[in-house]
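Q: What follows is a structure written as structure tokens; I'll ask about it next.
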Amino acid sequence: MCGILAVLGCVDNSQAKRSRIIELSRRLRHRGPDWSGLHCYEDCYLAHERLAIVDPTSGDQPLYNEDKTIAVTVNGEIYNHKALRENLKSHQFRTGSDCEVIAHLYEEHGEEFVDMLDGMFAFVLLDTRDKSFIAARDAIGITPLYIGWGLDGSVWFASEMKALSDDCEQFMCFPPGHIYSSKQGGLRRWYNPPWFSEVVPSTPYDPLVVRNTFEKAVIKRLMTDVPFGVLLSGGLDSSLVASVALRHLEKSEAACQWGSKLHTFCIGLKGSPDLKAGREVADYLGTRHHELHFTVQDGIDAIEEVIYHVETYDVTTIRASTPMFLMSRKIKSLGVKMVLSGEGSDEIFGGYLYFHKAPNKKEFHEETCRKIKALHQYDCLRANKSTSAWGVEARVPFLDKEFINVAMSIDPEWKMIRPDLGRIEKWVLRNAFDDEKNPYLPKHILYRQKEQFSDGVGYSWIDGLKDHANKHVSETMLMNASFVFPDNTPLTKEAYYYRTIFEKFFPKSAARATVPGGPSVACSTAKAVEWDAAWSQNLDPSGRAALGVHVSAYGEDKTEDSRPEKLQKLAEKTPAIV
């Protein structure tokens, strides 16, 4: 990941303005510590802080077309850049950067080229021939981008809010799958997949199509000129990413440079579920595994930094971002600059434990659509900013455009959790990789119950956060929360504590409006809380709030014969239909 900042039409091309742009861009340097670039044309500025992943020697930005009339600053990876270059043979490329194709595609197709890009990206392009500009963000919002407006009529774009929040009174998250055009005067959606309408699909489930499409998604993301690894918690999603990556690593260009030994990383409190499961999967796959330990106090000490970098006060995001933030620092110290991660699967397949209570396939499917549309405010935000805080790039194969289209076209009846048929959450994905002849994973890992990252690193992590917040937020403070924070009022002491820290860094009303709100249980949307009347009394984003579902649910007996464990064993015995 890199950091980008663009200021366009600011009616000021003075040296003081240039210095201010450099100062603001420096706030993003953690995202791209390898090099800095700045393009100035009259009163337009494109700044770039580079994390060199592809073509480290010559791919510095901003990037240009042949005569430099088109300049572009990009944060992202374009996985199909070689195929796109094949159709641009009349153009002269200056670098081997995957992002340079953007300038030349614009020359060929004007603004209608964004859908050709297969990757994660946020970019701003300036056409100096008529001083027009466009900005665009990838389909799901894997890559962060904000848009703001200066009092002088200027338009601002930045990878993180901290680069524009002081100079813009009005700003917001740039919506995923959209393009901003100065010629057309606003935003429009470029990404319009069939599932976006939330109409219930009817395509029969084909496990081999699911498997093959996911494998292609992982292979694409092995495009790198620097050392990389996989974040391996031992859960289904990260384990599948690691397993598939390992199978194809030997054939990749990355193996020629860095060897075919896959590095995997896991973090947790001492004795946590993730450490145990991650070690077991790493041993099974034969990876070079790195276990990182932290204490509750280590996490608490990092909370302020986490909120500053991740730019949110959402409880579940902060809980999960903190261990990921700590792990990323260690990963960077080992010389690794890119990691593969398992975000997105739970949204696509209904993997969160509250999906057990989905009343029918229509509501199940609509909830998965809502979850995917909101990913840029939650898991994408966490995965990107927690790692980018230390100059590490996270790639997410489950959020591949083609894979999402395949998975979201499946009749949701197949995704429904059916104890009577031995189908636990994400059975569609588990079954697709249940290969008896050439196993991807051990059965008990393939059918391990979902653990949210903030739970899996150790249950005492969340309990410790709550205890810490209770010491800093009194009952009186919480009772008066609606007066202190009338917008998106915190409902718990933990939420209040995070909000006070956030407001210290980002005091403007526009900043707090970038953070989502509303009731949630076990990471549900507000709409899904209606599925179980009991949930309204236990609004906690932890998976343990899914009473009657999680094997370690709050206030429930943790016995060996609990119903979810029985269901897991039944699922392991259910014959695969691959």
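Note that the numbers count up from 1, one per residue, in the order the chain is shown.
Each Cβ is built from the backbone N, Cα and C atoms, and glycine gets one as well.
Not measured: the values here are computed from a predicted model.
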Q: Just to be sure I read the record right: LEU231, SER341, GLY342 are listed as binding ATP in Swiss-Prot. Which of ILE179, ILE267, ILE300, ILE303 is listed for the same site?
A: ILE267
Q: Look up region 'Disordered' in Swiss-Prot and report which of 75-98, 555-578 it refers to.
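A: Comparing 75-98, 555-578 with Swiss-Prot, region 'Disordered' matches 555-578.
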Q: Around ARG50 (L-glutamine binding site), which of the listed recorded positions (CYS2, LEU231, ILE267, SER341, GLY342, GLU343) come within 10 Å, judging by Cα atoms?
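A: Near ARG50 (L-glutamine binding site), where near means Cα within 10 Å, the recorded positions are CYS2.
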Q: Round to the nearest Å and give the CA-to-CA distance linking LEU231 (ATP binding site) with GLU343 (site 'Important for beta-aspartyl-AMP intermediate formation').
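A: Distance (Cα to Cα, whole Å): 10 Å.
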Q: Are there residues of the same chain, six or more positions away from GLY342 (ATP binding site), whose CB falls under 8 angstroms from its CB, and which are they?
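A: Sequence-distant Cβ neighbours: LEU231, SER233, GLY235, ASP237, SER238, LEU240, VAL241, VAL396, PRO397, PHE398.
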Q: Compare the Cα of ALA52 (L-glutamine binding site) against each of the recorded positions CYS2, ILE267, SER341 and report the nearest.
A: CYS2
Q: Among the binding-site residues listed here, ALA52, LEU231, whose Cβ has the fewest other Cβ atoms inside 10 Å?
A: ALA52
